[in-house]
Protein chains: 2
Amino acid sequence: MEKKYRVAIVGATGAVGEKMKEQLEKRQFPISSIKFLASKRSVGKEIFFQHHVHFVEEATPEAFEGIDIAFFSAGGSVSKELAKEAAKRGAVVIDNTSAFRMEPTIPLVVPEVNKKDLHSHQGIISNPNCSTIQLVCVLEPIRQALGLTKVIISTYQAVSGAGSIAVQELVAQNSSYGNRLSTKAEVLPVKSGSKHYPIAYNAIPQIDQFGEDGFTLEEWKMMNETKKILHDPTLAVSATCVRLPVVAGHSESVYIEIEKENCSVEEVKTIIQQAPGVQLLDNPAEQEYPMPLFSEGKDDVFVGRIRRDPANPKGFHLWIVADNLLKGAALNSIQIAEALMEEGLV
Amino acid sequence: MEKKYRVAIVGATGAVGEKMKEQLEKRQFPISSIKFLASKRSVGKEIFFQHHVHFVEEATPEAFEGIDIAFFSAGGSVSKELAKEAAKRGAVVIDNTSAFRMEPTIPLVVPEVNKKDLHSHQGIISNPNCSTIQLVCVLEPIRQALGLTKVIISTYQAVSGAGSIAVQELVAQNSSYGNRLSTKAEVLPVKSGSKHYPIAYNAIPQIDQFGEDGFTLEEWKMMNETKKILHDPTLAVSATCVRLPVVAGHSESVYIEIEKENCSVEEVKTIIQQAPGVQLLDNPAEQEYPMPLFSEGKDDVFVGRIRRDPANPKGFHLWIVADNLLKGAALNSIQIAEALMEEGLV
């Protein structure tokens, strides 16, 4: 008989928590019991799961007693407070926040890329940043086949990455077009920041707070997480992250330099076609290329606009799009749990 | 007494034609007479200019008799048909279309960058593509001071570059959020193309038709025009052009490699601060950086997010934003005319 698991979702009422619940249902994850946990103010809220009503319970250390797998997506501070408590009680934590991603002893996993890293887990596994996940799904097969020396990324990121309140704000702003500059803005680019800008009819070159050397934390996450997941600390990666008036689907304009000489565009396309979790969508004659609007609700990472830099035979452009709440967050977390099952680690 | 000019605007009823008219008024261009020309179906339409009503006349070869300066912005086919007719009749043509930009004998001019090229004109001067103009305003002072070896661009372009109909379509689509995937799309990415996609809540990685080697014509324009304007045919330039749900203001994420060793970010900032027509807007601590929504109606090119590639001491990121209908089109055309006056060429 198939083994079944006692599962908890922490941050059950958030945008990613909601998608995690949907993914568990859709993928028929083998569940024997499920707990929906959140902060005190959501306690008692109803959640429908597999045709039954569940009630949100408070996320406390004791709530993790008897849990096998705990999905965390309630912000870094909640993970810092409770992930170790859950692990101590025997749960394997799959954490969707940035709390532990760069800790050397904690695996940072995209199953298609580095499933083997799961074997070293000590109770907590980190789910990478949304914009990193879709990138490494494409970079790793290229790196293995052609060698990879340089990556320059410009992102085009959806507001749902900043939570449901950011989506609501965009939709409200879009309805007040006549009055663009006086549009109310309270969420983006960073809710806790001192300044907010409208995202409707705009592009904001700031995601998360600013960190060292003029890069934002989102940019540092992409650069550092990519190197950790690919086990290539000397890979040259540099990123610019930009928020768009798009609800769902992150897009990335990615420039790579490979090691292999005389590599054709067709060769790159074949590698991408064969990559797990990745779909090639690249037919200029038919105007076929990935777009965020059409990535919504889809599991795969889509790649198109593949072409060689006319000035550099080892330089290639890629356009990479994925649903940031699915492969970029909830789906990858569930896939980590599935990989743990496959590897006999849970 | 100041010399005054007999001026014509061809494509007077279009989005750029309208901005040209506004710029002539705002900049008090020395006009003795003005003609508004367009296709047959716009003949008789009223246009207000300097407190007087003017009527649109048909753009025919004879309409250019007695004209000193003719601004063309009615599409490439109109320029190909009439620009030489106008020049033959003694007008200096300033052409905002791509019709003649890459012809070796026709100057392609951004006054802050290559005003001297005007001296070789033979009746027609080309105004570069919108996304090229704002780029070269920033690249040229860097190239002169630090040397420039490589440029990789990802654009974030406004729909107004595709005309007023594209703006109307975006606004209409934004008002039907609940029904995103079935939104009516008839204009973008290319009106005459066989497929159209919604731009609201989307990003379309196609501007203009596809050309050779998987690049769009917009991308080829950026690459080829940049090299021509900078007089640097071997400069390594490669571009990805993307349309956004933004009405006005093109943004560009630009990665450059310079020749100079040990150049600091401060040195790059100083060069940009001193560049004509360019404004440095780069203060992460105060969340200050250029954004398309705030570039609308402004003459300058704005630059921010300047930082060094952590993996390459000669690599720098720039974020460049300008109003695509002003510096990217109408304003630059009028500035070309002003430069012709300054240089005694008209």
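Placed from the backbone N, Cα and C atoms, the Cβ positions cover glycine too.
TrEMBL does not curate its annotations; it predicts them automatically.
Under the heading domain 'Semialdehyde dehydrogenase NAD-binding', TrEMBL lists B:6-121.
Over all protein chains present, the Cβ of B:ALA15 (NADP(+) binding site) has 22 other Cβ atoms lying within 10 Å. Annotation source TrEMBL lists NADP(+) binding site at B:THR13, B:GLY14, B:ALA15, B:VAL16, B:ARG41, B:SER42, B:SER160, B:GLY161, B:ASN324.
B:ARG101 (phosphate binding site) is surrounded by 22 other CB atoms, counting those within 10 A of its CB over all protein chains shown. Under the three-state DSSP scheme, B:ARG101 (phosphate binding site) falls in the coil class. What TrEMBL lists as phosphate binding site is B:ARG101.
Positions annotated as active site, acyl-thioester intermediate by TrEMBL: B:CYS130. Within 10 Å of the Cβ of B:CYS130 (active site, acyl-thioester intermediate) there are 28 other Cβ atoms, across all protein chains.
The annotation substrate binding site is assigned in TrEMBL to B:GLN157, B:ARG243. Long-range Cβ neighbours of B:ARG243 (substrate binding site) (same chain, at least 6 residues apart, Cβ-Cβ under 8 Å): B:GLN157, B:VAL159, B:GLY161, B:ALA162, B:LEU188, B:PRO189, B:ILE199, B:ALA203, B:ILE204, B:PRO205, B:GLN206, B:ILE207.
The active site, proton acceptor annotation in TrEMBL covers B:HIS250. Other Cβ atoms within 10 Å of the Cβ of B:HIS250 (active site, proton acceptor), summed over all protein chains shown, number 30.
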In sequence order, which residues at least six apart in the same chain have a CB under 8 Å from the CB of B:THR13 (NADP(+) binding site)?
B:PHE36, B:ALA38, B:SER42, B:LYS45, B:ILE47, B:VAL56
Distance from B:ALA15 (NADP(+) binding site) back to B:CYS130 (active site, acyl-thioester intermediate), taken between C-alpha atoms, in Å:
13
Within 10 Å of each Cβ, count the other Cβ atoms, then let me know which of the binding-site residues B:ARG41, B:GLN157, B:SER160 comes out lowest.
B:ARG41
In angstrom units, rounded to an integer, how far apart are the Cα atoms of B:SER160 (NADP(+) binding site) and B:ARG101 (phosphate binding site)?
21
Using a 10 Å cut-off, grab the number of neighbouring Cβ atoms around the Cβ of B:ASN324 (NADP(+) binding site), all chains included.
30
Suppose you look only at the domain 'Semialdehyde dehydrogenase NAD-binding' (B:6-121); what would the mean pLDDT be?
97
According to DSSP, folded down to helix, strand and coil, what is B:ASN324 (NADP(+) binding site)?
coil
Please give the NADP(+) site's span as the largest CA-CA distance among B:THR13, B:GLY14, B:ALA15, B:VAL16, B:ARG41, B:SER42, B:SER160, B:GLY161, B:ASN324, to the nearest whole angstrom.
27
Consider the recorded positions B:ALA15, B:ARG41, B:HIS250, B:ASN324 and say which one has the Cα lying nearest the Cα of B:ARG101 (phosphate binding site).
B:ASN324
